[in-house]
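Okay, structure first, notes after.
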Amino acid sequence: MAGQREMREKNTWHRPLIICIAVFFVMAIVGLLITGVVQNKAIKQKYKYGIVLDAGSSHTSVYVYQWPAEKENNTGMVTQKHVCNVKGKGISSYAKNAEKAGPSLKECMQEAERSIPTQRHQETPVYLGATAGMRLLRKEDDSASDRVLDSVVRFLQGTPFTFQGARIITGQEEGAYGWITVNYLSDNFRKAQRTMGALDLGGASTQITFESGDHSQSPDDFIHFRLYGKEYSVYTHSFLCYGKDQALRVLLDQQLRANLTGTGSLILQDPCFHPGYKKVKLLADVYNTPCIRTGPSSNVNFTHVGTGNGKLCQEKVRRIFNSSGCSSRSCSFNGVFQPPLHGQFEAFSAFFFVMKFLNLTSESLEDSKKKLVSYCSTPWDELQKNNHNVKEKYLQEYCFSGTYIVTLLEEGYSFTSGSWKDIRFIKKIGDSDVGWTLGYMLNLTNMIPAEAPDSPPLPHGGYVTLMVLLALLVCSLVVCGCCVFRRSSSAAPKQIV
Ligand SMILES: O=c1[nH]cnc2c1ncn2[C@@H]1O[C@H](COP(=O)(O)OP(=O)(O)O)[C@@H](O)[C@H]1O
Ligand SMILES: [Ca+2]
């Protein structure tokens, strides 16, 4: 009897205690879950911005980049927010009216202002890099190129952003920054993966860049980087005058010379232009470039007539590349050292525009050549009829441009039928355009650290989840322990009785 009373007394304070424990237990679990969810909820990101102007030979593009303000040094964080193509030609075309070069950027810089929050304008850096068009102008007329640069500097200093400089970048920089862009956007640095080569075709120059350990031959063609704790030895070479617009002029010059000396007539029968194509052009527009040594610079016209013979076009284009005179172990062309090709290549800019238009981005080398021959024989009026929305300047040149690309890659850089599949013709990686500008900004803002930053072994989300699970486990063990203890203590008096 005494035992039973004792039990009843015990039960009267036991039950509220268990209810209390249960309530606290539930509250603790809810608290843990809420903390985990709230802590991990996406915080509204604050962004920083940077602007780079790509002053190319044919036109200028303004790129706006953004990255989360508190993750500045985490590679892979910078993305393209906006791009604007400046109307008209490249800044080098303002050689004779330099003061207009800067104001030509007005509309695109206003677009950039609208795409960046006003409170960030003042801290946003703006860089301008000019490429081969300005390299050629500097060769031709040093003071004209200075005047053009002065004009863009003055204009950019008047924008609400922080102007960080306008300069002509070297061909080596152009190649190297393109390579950084490709591998940054592919996250190859952070993951310490094999890097990809970069192939850039512009209007006035072309660049080939890839990782290679073979740097005993031509140290000038190598750049060394330490990125994210890893050393990279990168081969890069830029060929001035081997952009597709300058290469076309070289080809026209070669053919014009043969024609002029032969018959004295000013009709150029060109296999790289379509049958039925006929245009009267100014000789001076072919010859006003330092890429051709001397030529008639008079205001004389010539008639450019297409014959659409793709095979003959290939033969003529091949002659632009000089395969003799290699004093190194291996060369690309014109006696320039090039180590053996290695790995996958991303081909962008005009490589992409042209191959995309011709539907050759996933064809084999042989099929590309065959299809080009057939494309070149298409009558000009038929092409015009079927391509109303394509700029005539581009349309008339795709037969030449395609033939030039295939020849440059095969005869120039030594890609074979086998290694052709290692080339990917691309415009973007993710949402960002591929080109040298992103790599340029990453470098100037020190946004790819030389050493990999130390990071906790678990990501934040994983850490919180693990802590919640472990807390649940501990609570469950405590509850189980209490139950076992209760059962054994309630069983004990019975045994005594
Ligand atoms: O839609 C297109 N189709 C064909 N070619 C294009 C298209 N858009 C741009 N291009 C060409 O891409 C090239 C870009 O060269 P860029 O102006 O960057 O010169 P650079 O890099 O030698 O200084 C030019 O030859 C231009 O004509
Ligand atoms: Ca370019």
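Note that Cβ sites are derived from N, Cα and C of the backbone, with glycine treated the same way.
According to TrEMBL:
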ACT_SITE  GLU174  active site, proton acceptor
BINDING   GLY203, ALA204, SER205, THR206, GLN207  ATP binding site
TRANSMEM  16-38  transmembrane segment
TRANSMEM  463-485  transmembrane segment
Task = State the Cα to Cα distance, in Å, between ALA204 (ATP binding site) and GLU174 (active site, proton acceptor), rounded to an integer.
result = 12
Ask   = Which of the three DSSP states, helix, strand or coil, fits SER205 (ATP binding site)?
value = strand
Ask   = At the level of the C-alpha atoms, what whole-angstrom distance separates the residue listed as 'active site, proton acceptor' and GLN207 (ATP binding site)?
value = 7
Task = Using Cβ-Cβ distances, find the residues under 8 Å from SER205 (ATP binding site) that belong to the same chain and are at least 6 apart in sequence, listing them in sequence order.
result = SER57, THR131, ALA132, ARG135, GLY171, GLU174, SER238, PHE239, LEU240, CYS241, TYR242, GLY243, GLN246
Message = Out of GLU174, ALA204, SER205, THR206, GLN207, which recorded positions have CB atoms lying under 6 Å from ligand 1?
response = ALA204, SER205
Request  = If we count other C-beta atoms within 10 Å, could you say which of the binding-site residues THR206, GLN207 has the fewest?
outcome  = GLN207
Key: Of GLY203, ALA204 (the binding-site residues), the residue whose Cβ has the fewest other Cβ atoms within 10 Å   = GLY203
